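**Q** Have a look at the structure that comes next, please.
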Amino acid sequence: MANYFNTLNLRQQLAQLGKCRFMGRDEFADGASYLQGKKVVIVGCGAQGLNQGLNMRDSGLDISYALRKEAIAEKRASWRKATENGFKVGTYEELIPQADLVVNLTPDKQHSDVVRSVQPLMKDGAALGYSHGFNIVEVGEQIRKDITVVMVAPKCPGTEVREEYKRGFGVPTLIAVHPENDPQGEGMAIAKAWAAATGGHRAGVLESSFVAEVKSDLMGEQTILCGMLQAGSLLCFDKLVAEGTDPAYAEKLIQFGWETITEALKQGGITLMMDRLSNPAKLRAYALSEQLKEIMAPLFQKHMDDIISGEFSSGMMADWANDDKKLLTWREETGKTAFETAPQYEGKIGEQEYFDKGVLMIAMVKAGVELAFETMVDSGIIEESAYYESLHELPLIANTIARKRLYEMNVVISDTAEYGNYLFSYACVPLLKPFMAELQPGDLGSAIPEGAVDNAQLRDVNDAIRSHAIEQVGKKLRGYMTDMKRIAVAG
């Protein structure tokens, strides 16, 4: 099969990369009604599979789970989760033929096998759903022409999808219809109903394309979301310990520092994160971030180029065929790093201490977020998509590190994200070592002393931070979420 994106001409590629429209709340006035009375069969009962299914059932839809015969016979975790939550469970042969919508929520590397197994069983005119378009765009899976192919992609882990729904809200979501598979013109109606059933319409929905979702998702997770956090954790820990910091304290400062720093990012973007610093520290963080952007720009661009060309996907799929040899080797090596094996610190670190002693970490976050955003936009991806795949998801990934360090992050993210993370971090760590050697006292592990600052310089830095395109679009999108949450809670 050919990479679908590479079969398109340049005009088609640009059109699909640039497809992004923030949908109005009024477009979801019918809620999930288009799918009510129809049979929805979910394949896979992992975090997305289970939690989307719970939300959809609570929204009045008929949900069941199709699992492989072995999973049922051996009562594996997927079978236990589905049955313990009161769902009907059956084999592909038992459930797929009656399904109006089959939702494939298995891991990326299983998609081809799953789709080839379920396609012959699907009735004429049924629909096939994804929450990530890798199988369609990168693998180039060919779907029967009578089948409608749609995507609903929540921009959060599955657990968050459920928790926000239970709070009466939802998570921002991308929806799309595959242009090669919409024979009855009902793809958008199906996608909107599915998104509404998960609660996504309450937080904001972007009408996108399979291509834009895949290319931006891969770029975000490889660079700022996972790769930068992993590289930053390893570099910062080693630097602190080399300069005499207690390894346990250094580990805690980094493990929980990312989460604390990005919580400010979540509430008010890069502007608020930088405002948590003293004026001298803000000026230093800004200067460090500009240096980092200059050093790392070629690496970010290489990752984007390899994603656009399909080079990344072909390399990863070759590793799939080789029993994940590279992935498993990198995973094992990460588990043996000094950061992962450091002792736990029993003392308390105050919230402001993470900011005051983490100026370099803040600079890394700023540089990584802006670079990922800029590189995506320069490649034809619309700003709203680039925002969701960079700044918006970063606090969620930082939270996984706060739970069990890099191990937890790499367990929670997909194998696709994990593979890309290692590619980036293995290149980024040696790239930044000369930069790390030139750091000054106060950049990491100790606070920058208060002192006089140049008013004009501070004014210009504040203007530069606030005027960046990601701050402009971020303020708009966070405003939409706040407004929609207010409406949802009131209604």
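Including glycine, each Cβ sits where the backbone N, Cα and C put it.
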**Q** Per Swiss-Prot, which of D146, D182, D217, D238 sits in the Mg(2+) 2 site along with E389, E393?
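**A** Swiss-Prot names D217 for this Mg(2+) 2 site.
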**Q** Which single residue out of G18, G133, G140, G158 does Swiss-Prot record at the NADP(+) site shared with C45, G46, A47, Q48, R68, R76, S78, D108, K109, Q110?
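**A** When Swiss-Prot describes the NADP(+) site, the candidate it includes is G158.
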**Q** Any idea of the Cα spread of the NADP(+) site, C45, G46, A47, Q48, R68, R76, S78, D108, K109, Q110, G158, as a max distance in Å?
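**A** Site span for NADP(+), by Cα atoms: 21 Å.
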**Q** Name the residue among the binding-site residues C45, A47 whose Cβ has the smallest number of other Cβ atoms within 10 Å.
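**A** Each of the binding-site residues C45, A47 was scored; lowest Cβ tally within 10 Å is A47.
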**Q** If one measures from the C-alpha of E389 (Mg(2+) 2 binding site) to the C-alpha of D217 (Mg(2+) 1 binding site), what distance in angstrom results, rounded to a whole number?
**A** 6
**Q** What is the separation, in Å, between the Cα atoms of H132 (active site) and D217 (Mg(2+) 1 binding site)?
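**A** So the alpha carbons of H132 (active site) and D217 (Mg(2+) 1 binding site) sit roughly 9 Å from each other.
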**Q** Would you mind listing, in sequence order, the residues at least six apart from E393 (Mg(2+) 2 binding site) in the same chain with a Cβ closer than 8 Å to its Cβ?
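**A** Residues satisfying the criterion: K155, C156, G220, L225.
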**Q** Here's one to test understanding: among the binding-site residues D217, E221, S414, whose C-alpha is closest in space to the C-alpha of R68 (NADP(+) binding site)?
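**A** Closest candidate to R68 (NADP(+) binding site), judged by Cα separation, is S414.
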**Q** Using the recorded Mg(2+) 2 site (D217, E389, E393) as reference, state which further residues of the same chain have their Cβ within 8 Å of the centre of those residues' Cβ atoms, listed in sequence order.
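**A** Once D217, E389, E393 are set aside, the remaining close residues are K155, S216, M219, G220, E221, L225, Y388, S390, H392.
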